[in-house]
């Protein structure tokens, strides 16, 4: 029986309307949150996998003159040596490549050499080409390099260093790019919560250690790089389909959501493509320097756990590769949940005016690095009290995420129009800790990973974490800086962009809560 054409058109129209109604139930901001979360997750899986893979890639080299004293400090040695033994412990896995501590440190740190240099470049490229293009291509380059690492390792360690440097250069573009999107897409009262999506990196680190530890133990370390590289390529395809630089250019956004974003993104969010970036003001800004310096300390303690955590659990605690991966990964998986709690707590305090925005940022910054800095110091003095060590390890790693309700959120507070550029400047400062921390650890270990040497590493970490916070305590502020909106010099009100026609709109209101700093 033939169906009339008008009935077919009616059915198709009904189907489209039904599908559209389902789409409308999912806010475009929620999709952006998921893409941001998953993007950082995949990015950090590709960035971190070599930390756990190195345990299986490199042979353990010990100085023979100290070998008699060295064995007394391992928690997996026999009871006759005066330390605790564990039934589930296995002898240390023998690596494949004869790389000394200097080579291993160079491989682990090479990612961050170019990562630092590309921060400012990321801000400039984002302003020119937009977040979608910059973030997408940087992820793709990182994924391709990850797929090539197994062949590079068999060729020569310098080839691995070259690929890791390329990954660092590409990944350095991602943070400024995503920060630039926050001020345009996310209403001011939701920004702290949206920042929790950046904690996809913690989830990525935790997932990497746990999954990769299992994969390495059963299938070998090469599979790790093939898997993560493939995930990176797959994510890029989704990103190009679902991400858009401006709300009004999103094909699936509802008029209601667009109006809500336009009404709440803040009065001083303007089109920065036509603005000259105030680099001189940024580089002479005490609040910007305060963010960069204090976060240097957080990065230092964070990367002590990220990069050298697996090595400590292998050489001192004597964990197998599977147990190593699980114990290192579990705290980072929970870090995402803790970041959400911290961000919601910050929004709760701010919304009810329980504390000033500046004091909220300082409090959560102190939680994120002063307390973890003190906790990491105690780990080296707990000997082989495995349970207590793991509890402290867990607490320290989860507290680090409070920074995303503190100094990291502060980047958007002081200049939302140039958040990507400020982050690029701050990251140029604080991400230097990501290679200085493993470099300092390698110098102190010197192929002789005794407990005493690990205590020195933890002591330096504590001093850096606590000492750098002092700058933020005295120089940090949440007040919007006057150079955020150059048009303010010529207008008594604020200026923003209409999403319908990209025309500047003058608004004579000011926000007393944010200040004019």
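Quick reminder: no glycine exception, Cβ is built from N, Cα and C everywhere.
Quantities reported herein were computed from a predicted structural model and do not represent experimental measurements.
The compositional bias 'Polar residues' feature in TrEMBL is assigned to 483-509. Annotation comment: TrEMBL describes 35-479 as domain 'Major facilitator superfamily (MFS) profile'. Taken from TrEMBL, the feature region 'Disordered' applies to 483-517. The transmembrane segment feature in TrEMBL is assigned to 30-47, 106-125, 137-163, 169-186, 198-217, 223-246, 329-350, 371-402, 422-445, 457-475.
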Which residues, given as numbers and ranges, are at least 6 beyond the ends of the transmembrane segment (137-163) yet have a Cβ under 8 Å from it?
39, 42-43, 46-47, 49-50, 57, 97, 99, 103, 106-107, 110, 122, 170-174, 177, 221-222, 225-226, 228-233, 235-236, 239
Positions whose Cβ lies under 8 angstroms from the transmembrane segment (169-186), at least six residues beyond its ends:
29, 32, 36, 39-40, 43, 46-47, 111, 114-119, 121-123, 125-127, 131, 134-135, 137-139, 141-142, 145, 194-195, 198, 245-247, 261, 265-266, 269, 272, 411-412, 416-417, 419-424, 427, 431
Compare 106-125, 198-217, 223-246, 371-402, 422-445 by their Cβ pairs under 8 Å to the transmembrane segment (329-350) and return the stretch that comes out on top.
198-217
Six or more residues beyond either end and a Cβ under 8 Å away: which residues meet both conditions relative to the transmembrane segment (422-445)?
101-102, 104-105, 108-113, 115-117, 119-123, 172, 175-176, 179, 282-283, 288-289, 291-293, 295-300, 303-304, 307-308, 411, 414-415, 453-454, 456-457, 460-461, 464
Hey, which bits of the same chain come close to the transmembrane segment (371-402), Cβ under 8 Å, at least six residues off its ends?
75, 83-84, 86, 199, 202, 297-298, 301-302, 304-305, 309, 317, 327, 330-332, 334-336, 338-339, 342, 364-365, 451, 454-455, 457-459, 461-466
Counting only residues 6+ away from its ends, which parts of the chain sit with a Cβ under 8 Å from the transmembrane segment (106-125)?
47, 50-51, 54, 99, 134, 138, 157, 160-161, 164-177, 180, 277, 307, 420-421, 423-425, 427-428, 431-432, 434-435, 438-439
Which sequence positions outside the transmembrane segment (198-217), separated from its termini by at least 6 residues, show Cβ-Cβ distances below 8 Å to it?
36-45, 48-49, 51-53, 55-56, 178, 223-224, 227-228, 306, 310, 320-326, 328-336, 339-340, 401, 404, 408
Average the pLDDT scores across the domain 'Major facilitator superfamily (MFS) profile' (35-479) and report the rounded value.
83
